[in-house]
Amino acid sequence: MKSLTFLFGLLGNITTGLVYLAPAKTFWHIAKRRSTEDFESIPYICKLLNAYMWVYYGVVKPNSVLVATVNGFGAVAEIVYIIIFLLFAPSRMRVRTAIVFGISDVVFPAAVVLVSEMMLSRDAQIDVAGFLSLCFSMVAYASPLSAMKTVVTTKSVEYMPFLLSFMLFINGGVWTVYAVLTRDLFIGVPNGTGFVLGTAQLVLYAIYWKPKPSTKTISNDPLEEHLISTSTEG
């Protein structure tokens with residue numbers, strides 16, 4: 001059982017790492033054009049906070065090192081994305097992003113950790129960290145609903161990229177199995193939700209996907225991450 005649990009935890013680390021790396025092309029595009037254009041920073045600020053909470057959960061809960069390590073990697077990736085955003089954002093957006101980042105990704109997680117460590121028992125720390133991680137993950141998993149609505153309305157999957165939908169399906173499924181093996185409700189609920197939503201997105205692909213007409217026009221618009229956000233918990 002332990003070897004099976006480790007196997008699914010390792011697979012979850014790989015799939016979650018790929019999810020964290022998914023926005024890299026978007027930020028390469030931002031750096032090349034030296035402009036954030038119409039991109040928003042809020043999704044990455046929220047993903048960073050979510051990663052922080054899962055790292056804390058992985059640290060305080062015994063035998064959860066795999067949860068902590070992959071989300072530690074994810075936190076570093078999100079910090080890099082936010083730094084790139086701050087470098088190339090217009091001044092007003094840069095100030096707004098810095099303020100939201102300071103409150104959400106510095107003050108709030110620091111307060112959670114300090115209060116938990118000073119006032120709560122180890123079991124209570126696990127419950128608090130797990131509950132906050134679950135809540136933030138559910139918010140992240142709710143974001144594809146708007147993309148799915150767009151697909152049904154437009155009868156086109158243009159703004160719901162297949163790769164991210166497939167990764168949501170695989171990542172959610174792997175971590176759901178891991179949660180069942182470890183009997184971890186905090187990991188199971190959001191990832192089970194992600195697995196169901198990923199399945200629904202793949203079904204929509206099967207219904208609305210159409211082959212693109214042959215064209216020699218090359219588009220420079222990055223579409224790989226529109227309207228989709230995945231939870232990156234372990």
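From the backbone N, Cα and C atoms, a Cβ is placed for every residue, glycine too.
What TrEMBL records for this protein:
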TRANSMEM  6-22  transmembrane segment
TRANSMEM  42-59  transmembrane segment
TRANSMEM  65-88  transmembrane segment
TRANSMEM  95-116  transmembrane segment
TRANSMEM  128-147  transmembrane segment
TRANSMEM  159-181  transmembrane segment
TRANSMEM  187-208  transmembrane segment
Recorded stretch that, among 42-59, 65-88, 95-116, 128-147, has the most CB pairs under 8 Å to the transmembrane segment (187-208): 128-147
Close approaches to the transmembrane segment (42-59) from elsewhere in its chain (Cβ under 8 angstroms; 6 or more beyond its ends): 20, 23, 65-69, 71-72, 74-75, 78-79, 81-82, 85, 97, 100-101, 104-105, 108-109, 112-113, 116, 126, 129-130, 132-133, 136-137, 139-140, 143, 186, 229, 231-234
